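Enquirer: OK, TrEMBL features for this one:
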| type | residues | note |
| --- | --- | --- |
| DOMAIN | 19-253 | domain 'SET' |
| DOMAIN | 64-102 | domain 'MYND-type' |
Amino acid sequence: MPPSKSVVCKSVEFLWIIDGLERFDSPGKGRGLRVTRAFKVGELLFSCPAYTHVLSVRERGCYCEFCFTRKEGLARCGKCRKAFYCNAKCQKADWAMHKLECSAMMAFGENWCPSEMTRLVARILAKKKTQKERCGSEKILPVGEMQSHVEDVDNDKREMNEADIAGLHRFYSKHVEFPDHKDLLTLFSQVACNGFTIEDDELSHLGTAVYPDVALVNHSCLPSVIVTYNGTLAEVRAVQDMKTGDEVLISYIDLLYPTDDRNNRLRESYYFTCDCQECKSKSQVRVRKRSDPIEPEVINNMVRYARKTIREFRAVKTPPSELLEICQQSLEEMGAVFEDSNVYMLHMMYQAMGVCLYMQDVDGAIRYGEKILKPYGKIYPPYSLNVSSMYLKLGRLYMGMERHSLGVKSLKKAMAIMEVAHGKDHHYLTELRKEITQK
């Protein structure tokens, strides 16, 4: 893999430039980003610091609020006792953002409950107030110019935004100055369309951030780059060889699902339909091969059942044992028509694996994971984090069960993907090499 090229920034008539890249009008897509030189697979196109970020409340105590480093022995904030930091340096660097919440968390106690979106918007407003110049995450797109689609927001989303705005006023009025209601609605819509979820090596949610320059990158179901995170720094690397003039494209959504499902998700969340080559060649629903072919109506009914089950599963709140039973029942129902490699079957197997992990049923988790892996490798594009994370989970489960050879084999396959997606020097790779050599 060629060495990563560092990002060079130059001020030219108050404009910022990222070496090797340029902003342009992408046909049919609007604003976009393209390369001005060739990039090889695994090469770093650019990195982007977060304009602002927020650690998930669930991860407090495990990760530093400022740099997202995971370590034991983090130091608590001496006032609220809720936030944790690597050291005094991280705590001091985060104070401008943490002070927005510190006293409120003490005052409200258990009733302090703003959404992660609200917390992020509060930080954006605070930063806009104190920072008058563009920062390192706005070299080619100022945060205020991010697309909002506020005019396309439906009633349900508008109600959610209104609830978040109410939370903003309730929990942040002491430290944040608010613009008028219309501007707040626009800002919440901007964050909904352009916010990025920061995930760990197994794709567990750590927090949310805004990266204006990365938000300029358009979507494709055949992405040319991938975004990974080094702490709170977003890094964009090529997953295809790119030649001068190629557009920089990422996937906004999980690529597991059929074309119609992907486009439904894109319309719901980002207000457009994808017409990439992958979408033009519509993916087929994998069904069981029988001497008497399954009728199209039966297949369509089962697809509707699968979609309904997935929606309901996401919304249901029941004990883990009951969740596992829902997974097993739906897999049995769908399995009468669909192959095990069918994407809807894979989705429910993945959910079942997650429930097994939560219940500490390692054998069950391994059983579902092994069924998932081979189809994942065929469905997802090369260097997919969905595939590497599955290898990681299985590898660590094998190692925990003292199935060392299987564990090492799985972890090495994860490492091969991650060296391209994260870069060979990423701390995840350093930790993974230690896992592989441990006895």
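Cβ from N, Cα, C; glycine included.
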Enquirer: Using Cβ atoms and a strict cutoff of less than 8 Å, what residues sit near the domain 'MYND-type' (64-102) while being 6 or more residues removed from its termini?
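Expert: Residues 52-55, 112, 119, 122-123, 126-127, 130, 171-172, 175-176, 198, 200, 206-207, 229, 231-232 contact the domain 'MYND-type' (64-102) from elsewhere in the chain.
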Enquirer: Mind checking how the domain 'MYND-type' (64-102) divides into helix, strand and coil residues in DSSP?
Expert: 15 helix, 5 strand, 19 coil
Enquirer: For the domain 'SET' (19-253), report the average pLDDT of the model, please.
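Expert: The average pLDDT of the model in the domain 'SET' (19-253) works out to 96.
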